[in-house]
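Annotated features, as they stand in TrEMBL:
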DOMAIN    76-229  domain 'Ferritin-like diiron'
BINDING   E93, E128, H131, E177, Q211  Fe cation binding site
Amino acid sequence: MLLKPPPTIFFQNGVVSGTGDNFRRSVPPAIVCAAAKGGSSPNSRAITGVVFEPFEEVKKELSLVPTVPQQSLARQKYADVSEAAVNDQINVEYTVSYVYHAMYAYFDRDNVALKGLAEFFKESSEEEREHAEKFMEYQNKRGGKVKLQSILMPLSEFDHEEKGDALYAMELALSLEKLTNEKLLHVQAVANKNNDVQLADFVESNFLSEQVEAIKKISEYVAQLRRVGKGHGVWHFDQMLLNEGAAV
């Protein structure tokens, strides 16, 4: 009866085991790699320690690169509904900016002359416009197409017989900020539904916390204006805003 010698086993650390009792010796790692690559075992690829083979895996991505000039080269995992949601949010931000700009023009009138409120709403308008532009930049970054939509004409008069103009305008601003927050949460929900973690992160890191702060600040302004009424207290509130110089 012929006895076959035990098989030689190659380890990644360069140790060879087998061929005789208690036989162990070290060989250069290059020999181990060569033996592993030359083996017929289906696990030989794993033995080499290769995890990422870019030239193999990139073949699939290369086939997805658009060749039509009208198509974006940067677009990746960006759903059409996400693109539409971003365009809608651009319209929301521009609309709110437009309303705030109308408020600025009203309070800057010579027969209204509440400079603090005028400056507050002017800065708020500029900030909302910056938000719209930030969404536009993101749309282009992801390979979407910015599609600007119509904006409704805002009110030009903000006087209110019962509340007065300052309180009425500030309550309107609070409602707009809450509505904007709802729209932002909708964009984030669309992103989550389509597994777009990048869009969700963009909305959360750039807008949601800031929106909560804006709602809190304007809520305090509404409470203060309700306390002072329509008379002389509005002037003092306006002076406070003028000294603060802080927009939402």
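The backbone N, Cα and C atoms fix where each Cβ goes, and this holds for glycine too.
Note that this is a predicted model, so its numbers are computed, not measured.
In the three-state DSSP reading, E93 (Fe cation binding site) counts as helix.
The number of other Cβ atoms within 10 Å of the Cβ belonging to H131 (Fe cation binding site), over all protein chains shown, comes to 23.
A 10 Å cutoff on Cβ-Cβ distances gives E128 (Fe cation binding site) a total of 25 other Cβ atoms nearby, all chains included.
Over all protein chains present, the Cβ of E177 (Fe cation binding site) has 23 other Cβ atoms lying within 10 Å.
Taken together, the residues in the domain 'Ferritin-like diiron' (76-229) have a mean pLDDT of 97 on the 0 to 100 scale.
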